[in-house]
Amino acid sequence: MIEHELVMAIAAPLIVLARPSAVLLWGLPRIVRRRAGHVLALRVFRRTWTMLSNGSLTTLLHGAAIWAWHSPLLFDAAIESTPLHRLQHLTFFLSAVLFWWPVIWKTDRGLAAWHLFLTMLHMSILGALIALSPNVLYATQTRASGSWGLSPLEEQQVAGLVMWVPAGTIYAAAALVLMALWIRDSGKGDAGATPIAAP
């Protein structure tokens, strides 16, 4: 669970803040860079990106990825299958990057804070359900719990707490920062008119 939270709540927002796309493009061979530039300039690509980077849609997609992969059937299947496990992590990462992009660069601060709050809320609910479950939900995941001196149920409870408290705190802290900026700017008459920084 810790690695999932590191991918979604730490790595993804830091990568989005770094805006590495231009550097990555310049690292490509010239012919590939030119072709990539042509693709990126296509109207269909820009429209698709505009649709995919809508804050409400990305919040929904990110939440769906989190809840779907935490269903016991899919979660245990991902533990037993290396390709499925890689797909799980890729889904978490890509949905998180899609989520954080409009929060940081596109959506006005008030709305971005709302998206962060909703994400914190549903992740906290999922973490609480996992932590407070009287039964082991993830049998395959908790098989190795003895190596930590924990019972399978105790390991599951710790994992649920990691999702509930530290991960929820990251999203809540980001939401509070955006709310503070939004409130500060409301006195200037342009509340929520700009994202964190100009793209």
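Backbone N, Cα and C atoms are what each Cβ position is placed from, and that goes for glycine too.
Unlike curated entries, TrEMBL annotations are predicted automatically.
What TrEMBL lists as transmembrane segment is 6-28 (among others).
The annotation transmembrane segment is assigned in TrEMBL to 49-69 (among others).
Feature annotation from TrEMBL assigns transmembrane segment to 89-105 (among others).
Taken from TrEMBL, the feature transmembrane segment applies to 117-138 (among others). Long-range contacts of the transmembrane segment (117-138) within the same chain: residues 59, 62-63, 66-67, 70, 72, 75-76, 79, 99, 152-153, 156-165, 167-168, 171-172, 175, each at least 6 residues beyond the stretch ends and with a Cβ under 8 Å from a Cβ of the stretch.
Here TrEMBL flags 158-183 (among others) as transmembrane segment.
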Tertiary contacts of the transmembrane segment (49-69) (same chain, 6+ residues out, Cβ under 8 Å): 8, 75, 78, 88, 91-92, 95-96, 98-99, 101-103, 106-107, 111-112, 115, 118-119, 122-123, 126
